[in-house]
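**Q** Below you will find the structure I want to go over with you.
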Amino acid sequence: MKDTLPIQYDYSLRANNTFGIDAKAHAYLPVDSVEMLESVRRDASLRALPRMVLGGGSNIVLTRDFPGIVLHMCGKGIEVVGHDMNATHVRAAAGENWHGFVQWTLQNGLNGLENLSLIPGSVGAAPIQNIGAYGVEIKDCFHELTAFDLESGRTFTIDKAGCAFGYRDSIFKRQLHDRAVILDVTFALPKQWRPNLQYADVVQEIDARKIATPTARDISDAVIAIRTRKLPDPAVIGNAGSFFKNPIVSAAQRDALLERYPRMVSYAQSDESCKLAAGWLIDQCGWKGRSLGRAGVYEKQALVLVNRGGASGREVERLASAIQADVKAKFGVMLEPEPVFV
Ligand SMILES: Cc1cc2nc3c(=O)[nH]c(=O)nc-3n(C[C@H](O)[C@H](O)[C@H](O)COP(=O)(O)OP(=O)(O)OC[C@H]3O[C@@H](n4cnc5c(N)ncnc54)[C@H](O)[C@@H]3O)c2cc1C
């Protein structure tokens with residue numbers, strides 16, 4: 001059975017992760033059908049291997065050669081699958097490029113995902129950490145998804161409540177971690193659209209373009225311009241975007257910190273807790289622009305760790321640990337990494 005699958009052995013993943021880390025997979029399989037996953041599950045020798053599901057590799061740090069099989073989700077396809085009173089339902093296969101999908105929706109007059117333009121990676125990975133940017137998360141336009149259960153061999157559909165979305169979090173990082181392979185995602189895009197202009201950066205960019213009544217296309221263009229200015233292009237400088245989540249602290253802890261650091265950046269949350277800006281905390285510890293070995297902190301944004309050339313995953317891990325230790329010592333706050341360490 002294994003012989004019919006296009007598996008490659010001792011496969012370099014360097015081009016498959018945006019950090020550009022040169023690690024190898026024992027076995028690598030580009031997957032474009034559920035039958036291929038079924039075959040992997042049925043084959044005793046493949047089933048015994050550790051597994052890693054891979055999309056665009058924009059949220060992983062490869063700390064070693066992977067001793068198992070990498071299942072690279074490559075299936076393509078986008079279609080409108082239905083409507084209800086309020087929304088148009090659009091389904092996209094896991095292997096579609098996220099930004100390409102967002103652009104497809106806009107070209108087809110479907111709005112709602114524009115604030116999430118230019119986020120790297122695949123459609124299939126977007127629900128894993130409930131990707132978010134500029135005041136929108138995918139949960140805001142999510143309808144349902146289909147996934148294959150590597151343990152039971154069942155294909156199942158899960159709705160928004162079932163995904164238990166949170167800040168950079170979902171059930172796929174918890175109970176269904178290492179088990180559910182997302183095959184496709186269906187979005188509910190609103191028929192009555194209103195621009196989301198919560199973020200000052202987006203408003204400023206729209207104003208600078210002298211646009212009084214922005215369309216979804218205008219917002220997408222503004223977000224693309226902002227992101228291009230602020231974030232390093234992984235094709236030029238290896239990185240995984242924001243490296244740490246913004247920590248959530250209690251109002252009491254925030255107040256205590258504000259007494260010592262009156263200029264500290266914080267955002268009140270709906271449940272009385274408070275989100276701190278991880279980038280600001282890192283910057284205050286003097287890390288912006290610094291390096292440890294061949295891994296470093298981006299000059300323009302302290303939240304982004306970069307590969308200065310030839311860095312190993314271990315070097316990135318060492319840098320992340322050093323930053324965590326300094327932030328903990330200065331502010332008493334433990335930063336949690338956003339990418340998955342493999
Ligand atoms: C420059 C840059 C900017 C970024 N900006 C943002 C941002 O603004 N907001 C944000 O939220 N994120 C951002 N990210 C992080 C990243 O783009 C997202 O997390 C993205 O969804 C990862 O997609 P991917 O296909 O590359 O996933 P991968 O890195 O391939 O995988 C990430 C995790 O998802 C799992 N996975 C992947 N595909 C599937 C699947 N089909 N089924 C089950 N599990 C799967 C993997 O096993 C892994 O655990 C940024 C990254 C970069 C490099």
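Cβ atoms are placed via backbone N, Cα and C, with glycine included.
Below, the features straight out of TrEMBL:
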DOMAIN    21-192  domain 'FAD-binding PCMH-type'
ACT_SITE  Arg168  active site
ACT_SITE  Ser242  active site, proton donor
ACT_SITE  Glu338  active site
**Q** Cα distance, Glu338 (active site) to Arg168 (active site), nearest Å?
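**A** It is 8 Å, counting Cα to Cα.
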**Q** For the residue listed as 'active site, proton donor', write down the residues of its own chain that are at least 6 apart in sequence and whose Cβ falls under 8 Å from its Cβ; none is a fine answer.
**A** Ala278, Gly279, Leu303, Val304, Glu338
**Q** Do you know the mean pLDDT across the domain 'FAD-binding PCMH-type' (21-192)?
**A** 97
